[in-house]
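As recorded in Swiss-Prot:
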- Gly990, Val991, Pro992, Gly993, Ser994, Gly995, Lys996, Ser997: ATP binding site (BINDING)
- Cys434-Cys481: disulfide bond (DISULFID)
- 56-240: domain 'Alphavirus-like MT' (DOMAIN)
- 790-936: domain 'Macro' (DOMAIN)
- 949-1097: domain '(+)RNA virus helicase ATP-binding' (DOMAIN)
- 1098-1231: domain '(+)RNA virus helicase C-terminal' (DOMAIN)
- 1469-1580: domain 'RdRp catalytic' (DOMAIN)
- 442-509: region 'Putative protease' (REGION)
- 714-793: region 'Hinge' (REGION)
Amino acid sequence: MEAQQFIKAPGITTAIEQAALAAANSALANAVVVRPFLSRVQTEILINLMQPRQLVFRPEVLWNHPIQRVIHNELEQYCRARAGRCLEVGAHPRSINDNPNVLHRCFLRPVGRDVQRWYSAPTRGPAANCRRSALRGLPPVDRTYCFDGFSRCAFAAETGVALYSLHDLWPADVAEAMARHGMTRLYAALHLPPEVLLPPGTYHTTSYLLIHDGDRAVVTYEGDTSAGYNHDVSILRAWIRTTKIVGDHPLVIERVRAIGCHFVLLLTAAPEPSPMPYVPYPRSTEVYVRSIFGPGGSPSLFPSACSTKSTFHAVPVHIWDRLMLFGATLDDQAFCCSRLMTYLRGISYKVTVGALVANEGWNASEDALTAVITAAYLTICHQRYLRTQAISKGMRRLEVEHAQKFITRLYSWLFEKSGRDYIPGRQLQFYAQCRRWLSAGFHLDPRVLVFDESVPCRCRTFLKKVAGKFCCFMRWLGQECTCFLEPAEGLVGDYGHDNEAYEGSEVDPAEPAHLDVSGTYAVHGRQLEALYRALNVPHDIAARASRLTATVELTASPDRLECRTVLGNKTFRTTVVDGAHLEANGPEQYVLSFDASRQSMGAGSHSLTYELTPAGLQVRISSNGLDCTATFPPGGAPSAAPGEVAAFCSALYRYNRFTQRHSLTGGLWLHPEGLLGIFPPFSPGHIWESANPFCGEGTLYTRTWSTSGFSSDFSPPEAAAPVLAAAPGLPHPTPPVSDIWVLPPPSEESQVDAASVPPAPEPAGLPSSIVLTLPPPLPPVRKPPTPPPSRTRRLLYTYPDGAKVYAGSLFESDCNWLVNASNPGHRPGGGLCHAFYQRFPEAFYPTEFIMREGLAAYTLTPRPIIHAVAPDYRVEQNPKRLEAAYRETCSRRGTAAYPLLGSGIYQVPVSLSFDAWERNHRPGDELYLTEPAAAWFEANKPAQPALTITEDTARTANLALEIDAATDVGRACAGCTISPGIVHYQFTAGVPGSGKSRSIQQGDVDVVVVPTRELRNSWRRRGFAAFTPHTAARVTIGRRVVIDEAPSLPPHLLLLHMQRASSVHLLGDPNQIPAIDFEHAGLVPAIRPELAPTSWWHVTHRCPADVCELIRGAYPKIQTTSRVLRSLFWNEPAIGQKLVFTQAAKAANPGAITVHEAQGATFTETTIIATADARGLIQSSRAHAIVALTRHTEKCVILDAPGLLREVGISDVIVNNFFLAGGEVGHHRPSVIPRGNPDQNLGTLQAFPPSCQISAYHQLAEELGHRPAPVAAVLPPCPELEQGLLYMPQELTVSDSVLVFELTDIVHCRMAAPSQRKAVLSTLVGRYGRRTKLYEAAHSDVRESLARFIPTIGPVQATTCELYELVEAMVEKGQDGSAVLELDLCNRDVSRITFFQKDCNKFTTGETIAHGKVGQGISAWSKTFCALFGPWFRAIEKEILALLPPNIFYGDAYEESVFAAAVSGAGSCMVFENDFSEFDSTQNNFSLGLECVVMEECGMPQWLIRLYHLVRSAWILQAPKESLKGFWKKHSGEPGTLLWNTVWNMAIIAHCYEFRDFRVAAFKGDDSVVLCSDYRQSRNAAALIAGCGLKLKVDYRPIGLYAGVVVAPGLGTLPDVVRFAGRLSEKNWGPGPERAEQLRLAVCDFLRGLTNVAQVCVDVVSRVYGVSPGLVHNLIGMLQTIADGKAHFTETIKPVLDLTNSIIQRVE
């Protein structure tokens, strides 16, 4: 637990300390983890190098080069994070398996040290293939790697990574290689020590030792145990100095990261490299001091150490700076060489004072000390000489200047003016020196080095020019020139959709800066005449519009355009935003798609783009396939005559209305600014600004679509034309190619009016969540598609050309293209089209469409998608159009995944669409079917599926055969090969023990191939010629072959036998153990075929009933003929055949076989032994557990000491605990109460039409006095902790706001914040931390009173019936037995009580904010205790129900109609209600004792009663970050909460009150109601109420409330409409559509109870709450609206009101 008891952190006194603490926490959270073991010196070096990064040392590994590798890993992480999917140059073998994001790796053939690296490379995964090719000299097995080197490889990739692999390549060579790869960015990590800039020698620094021999540089870091870096000095110098490459392949080189002398260089291809000077070593800790004489000695017979001595020595910066400061400031008399030597000796000692380093010191050699003293002395002497000379010469100059006369000064003033470029002292030049003089200096400081050198690339520019003139004579002859002098050119690949080597950039392309288009523009109608023709506007309207002009004021803001159009004396406003709904004159819906960045918008078959040009705003419009371009000049237009404007508007309105009444589909409603605006024909958010708001002329421009305005008389186009011509005021229609009344048919997946077409079936291949129609939200945010965790598709059939038929979701496909079932306008529709729009909204940009042929539209944004258009068979059956729909999708390269086009709302028969796909697809394509279509296909599919062996599969399988042939086991496979081709097969799949093997007859087969020797012997005993896979390679040629357990055979051997046999019949179970890659070479998964079962057998003759239930998740349709009910037993002596999971367990258990070897075998009795080494196998492979559990027919003993099978839900703990608690095998009556739906005999609900949701809730707020709350929740002050011990976290951070998706902003429930930490504390303390009032008294009196309701209970026995009901309830909740543990009370998990805050609040007619009540919580007992006590409590509850009088109703255990009849029969009674306050909190030792008394009556075991008393009397509630240790109380999550709360409620009512004319009583938890004529408090009530601290609130009235219903004597029970509607207002209907659908179904269930009593409910419920009947009437109508799926939701973000200033604690 993160909290400490009663700990208060010391306050932070200053803001500086708070900022420092936050900075320290942030540094630690982002620290670099150092894993190797380091010495003290290595640790100090690493800390200094990695500054300012924080380091965290967690030593766990030993490395040869710890310092370099830590730096390498840090820079590698940076490079890979920036590069994304990339090409890698010279990858280290150990990093191959850890980085699957690499597209291709370039290697060189290993020599020297690289051979050792390859030998130690991983032997599994992708690295195994690379390792095999490197060490054996084999060619690569795939395109993920090569051994051509970076310079000779031509794999196309946009981004590259080179980690310490470019030290042998010049920068110019790298530029040429990048161009060869088509690469634009390369992240290169290089080690560039500054010592390579110095002469040869040996250089000691604080971090490393560098030996420079003139040609090579060898670097070894502190503590290295093997050789270090060895690189060419000249290449390193080039990398240090070069910042750009010029020539044919220009580059810029930028240093983006540096740790010491380790750099990350970003090489970027740039057309014109600019100067990029940089300082490579600004944090260098050494200066290099030159030795004047250098190394001495001469070559001799014996090698001398002098030849390796350096001419420069690395001196710490602090030593040199302090020495120079000391010497330069000495007095002339005190300056001498001996004093300098004394000072240098002093500062070279390291001095520490405690943990503080006072002087860092310097451990130098004799040569270095001598060189430093010499250089320092001579340098200081030179500086002193300059000082002396400067002072003396300066004094003489001053004397001369001040001695000048007036004439000389006047001459200087006239002819020596300074000007702007005057710098004081610049004219003085007393001293000049040469570079080779001693006075030029003796040391080099890397901190001031600046480099900016450009290097030309090595392309043969001159030779290329010569070749262009003299070497291409063949071109003149018409032949192709293959001139060898041509340079390497960068690759320009395909756009990317069919080029496997192409990888797009992860960096968003730079978007062009768009000019602000705001301004005033003049629109002339004659500019848009081409648009009017495209829109099929009648001639007279087009003529009127051409004569008019309009002035448009455009205001642009991010993602929004506002237009104010002035047309004569009328003004219109429109607002362009993405997702705006456009008004239509038909049932078709139009949603505007607007992209401000692209400056485009579109809806339906209309789209436009706009651009600001010098001439004005240029708009390109595409409408119904025709294009129009107009340029609107800036400024205002002449005002049009009001009469002409009015005539134009009236004619346009009549045209829209006529189209609305007579067109089949309609189109856009054309407003005046839609024809005379700058964005025609769009007018989103149309508003007409009129001086008179009641002017009827407004109806000409503003309308709302309704079905009442749509004529149901749909006449054909031929009949519509005469009507149009005869309409008054309308012109004759124009004769365009496509008549305006016959618009394109609606989208295949769109919603269709229910009156015009029958309801369509659910669109094909979609889950229900996709088909949900939601209110139009903002356009969905584009998120990168995440692959599903596991595929659910099911292979149904494979064609000879490789095409496959699946049942499942189209989006699980790996094909290059996805085919969308679109509409002629390619607009976002419903169903599958809507699913495409949700995932890929960019795919519907009309500007990105590529029209190949017909109606199909191809798009590559954001991935390759084909929008295919099938015919609408509701309008016309057109088989040719259906064929063309599929044919138009074949103009592509690559494979495509199809749905069944047209089989959804367009109602094309499945068979026709399937046949069309079968005739018009390409090899390798995939077809995805819905479950109904899959059922049709299963009944009509071809007899035998086909398996296609491609060239790649054959090549990989032959490689596996070669590897097998080299082993002793696989000698029989020598010379065997697999060739590409097609294999037909029959595959019988079935559940374990279904008799697949027994169904094979000897006359039907020649050879049987089995995976194991055990199976081979079993088949041979039956008389079959059976062989293992390797041996069978000699006998399967041309034979009839049966392959048993086919999925477990090595796939290359499976393909070999299938191809060689004359006929092949496969047997197996796809859910059992597949083929295992024992070699870890990666070949098995690469060639594993997808086998489609031709038949499934679901009846097992082997598995007992309990095993079938365990494996039903894998086999939903499994049935058994076995009569054995229970066969699994735990921890009994081993019997029968022993089954283990690993080879180690097999060696430890003589006679055992592994599960893999037992696959396909049958035993009478088995023993499963699970050992600890099989944990990973069992958790990762469900197939191993299935095989182990399905080998026996009678009995299986499970020995699971480590608990491995229990972790995956295979345990008998529930059964053991049941029998331990005294349960017996037996039968009781089921606890399920039969319920039925009310018949519609009156149907009064039909008289309540759907009503407005907003008005209903507003009326409810007015009646109850509730108002919109400014806050989302209230955190009430935390009460004082009166008893117990509270553990709480130190930080009580809370969120400031809550996001809610609700029906209304007026909430009618007590507001709380369930997810807040302070709310959890308040609930814990307020509900369970109050002091319990103990009551010591005998229970006999209360039990005697309780006998009025519950007579004395006889012995009760918990049976397996209750156990079954308990398990059934757990399964319905999605639980398994893994959470039920063995009854070990020392284990905290057995008795843990988990607390969590409830998210639902209580409906109230009072105050919703200032109620001062704490929240509600659930304290859930452990599953172990629930399973232990649950069967007993269920049995006791059944016995109580059997003893109850008929007029006493308990909980929910009754039929509602019976309770209603009992209430209606008590017409002369009043309703007695009792409401408890703090019902759970006031339960104490007395209520617990009464529960134990009842348990004893029932014969429950004493140890179980005492355990229950112990758990209830002292407990710990465990919240996520808090816990409370307390006593007594009642927990809402106990297994018997409802039972014992109801019993305690009955006992209190029976003991405290006496009733006259008692008729009916109902009890449920703390809620109760009694129908009687009068009542009084009994004489014994005061003692019980005072002793237990009960808080009773009695209400006695004619009509009452109980458990969500209204109790009306004489009428019956009625649904509580007000309470239900109030609770709905508090629900969060988001964030997804699933939650909204659940609540909608709950509303439908509630309305079902109102079927016959709606009118009575209005009168009665209004009297209970004191509200008007009209409110209840409106609430019922509002519920009808919600049930119809037409609810309106509001998304609100409200603050949380925090009233908890402090948590009050009581210190014991």
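Cβ coordinates come from backbone N, Cα and C, glycine included.
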Average pLDDT across the domain 'RdRp catalytic' (1469-1580), rounded to a whole number: 88
Secondary structure composition of the domain '(+)RNA virus helicase C-terminal' (1098-1231) [DSSP: H/G/I, E/B, coil]: 45 helix, 29 strand, 60 coil
Spatial neighbours of Val991 (ATP binding site) that are distant in sequence (at least 6 apart) but have CB under 8 A: Asp1069, Trp1097, His1098, Val1099, Thr1100, Cys1103, Tyr1115, Ile1118
Counts of helix, strand and coil residues, the domain 'RdRp catalytic' (1469-1580), according to DSSP: 41 helix, 37 strand, 34 coil
Cβ-Cβ neighbours of Gly990 (ATP binding site) (radius 10 Å): 22
Cβ-centroid neighbours of ATP site Gly990, Val991, Pro992, Gly993, Ser994, Gly995, Lys996, Ser997, 8 Å, sequence order: Asp1069, Trp1097, Thr1100, His1101, Arg1102
Neighbourhood of Lys996 (ATP binding site) by C-beta distance under 8 A, where only residues 6 or more apart in the same chain count: Thr988, Ala989, Gly990, Asp1044, Leu1067, Gly1068, Trp1097
Secondary structure tally of the domain '(+)RNA virus helicase ATP-binding' (949-1097) (DSSP, helix then strand then coil): 52 helix, 28 strand, 69 coil
Least surrounded among the binding-site residues, given as Gly993, Gly995, when other CB atoms within 10 Å are counted: Gly995
Cβ neighbour count (within 10 Å, all chains shown) around Ser994 (ATP binding site): 24
Residues in the domain 'Macro' (790-936) grouped by DSSP into helix, strand and remaining coil: 47 helix, 32 strand, 68 coil
Distant-in-sequence Cβ neighbours of Ser997 (ATP binding site), under 8 Å, six or more positions away: Trp1019, Asp1044, Leu1067, Gly1160
Other C-beta atoms that fall within 10 angstroms of the C-beta of Pro992 (ATP binding site): 26
